[in-house]
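Asks: This is the structure I want to talk about, given as structure tokens.
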Amino acid sequence: MQNTIRIVGIDPGLRRTGWGIIETSGNSLRFVASGTVTSDGDMDLASRLCQLHDGLAEIVHSYKPDEAAVEQTFVNKDAVATLKLGQARGIAMLVPARAGLPVSEYAPNAVKKAVIGVGHGEKQQIHMMLKILMPKVEFKGNDAADALAIAICHAHNRGSNRMRQALAG
């Protein structure tokens, strides 16, 4: 009998950080919950990061995932925005790590490949595949959908991640 593993996927962002919780047992996936943690754009950066931290900490505390997956960020032309996104991503990695969860990271094209079969695709393709893979899925907005896709990517890759860690250790 396969163990059920609960995974939280996190799509970091300073304005909106998406989160999605799934359970995986063998090859089956089950939707648990999803949503978005927001920060107040009128507040200073430190306060906004605290809002993201507190919101994600509540999600991890409430849903008690076993593992976490966070999307890697990309560098864009706006260096200041990239740095702020990196800080939000730090919070997205810190919260589950402080809760004792192993945290894996995935590039955006790896997430798309795991969900839609190719490394480049549209948001609508991700939404459609989420509904096919988990018929009871519910998400409001792209951030929550992306977070669920990140969790699915981790579910597909977690065995190979464990193998790499064992070989490296």
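For all residues, glycine too, the Cβ spot is worked out from N, Cα and C.
These numbers come from a predicted model, not from an experiment.
Grabbed the feature section from Swiss-Prot, which reads as follows:
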ACT_SITE  Asp11  active site
BINDING   Asp11, Asp143  Mg(2+) 1 binding site
ACT_SITE  Glu71  active site
BINDING   Glu71  Mg(2+) 2 binding site
ACT_SITE  Asp143  active site
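Context for these features, please: burial, neighbours, distances.
Replies: According to DSSP, Asp11 (active site) sits within a strand segment. Around the Cβ of Asp11 (active site), a 10 Å sphere holds 27 further Cβ atoms from the protein chains shown.
According to DSSP, Asp143 (Mg(2+) 1 binding site) is assigned to a helical segment. Note: Asp143 (Mg(2+) 1 binding site) has non-local neighbours Asp11, Gly13, Arg16, Thr17, Gly18, Thr36, i.e. same-chain residues 6+ apart with C-beta under 8 A of its own C-beta.
A C-beta separation below 8 Å, combined with a sequence spacing of at least six in one chain, links Glu71 (active site) to Gly9, Ile10, Asp11, Pro12, Glu105, Tyr106, Ala107, Pro108, Val111, Asp146, Ile150. Secondary structure from DSSP puts Glu71 (active site) in a beta strand.
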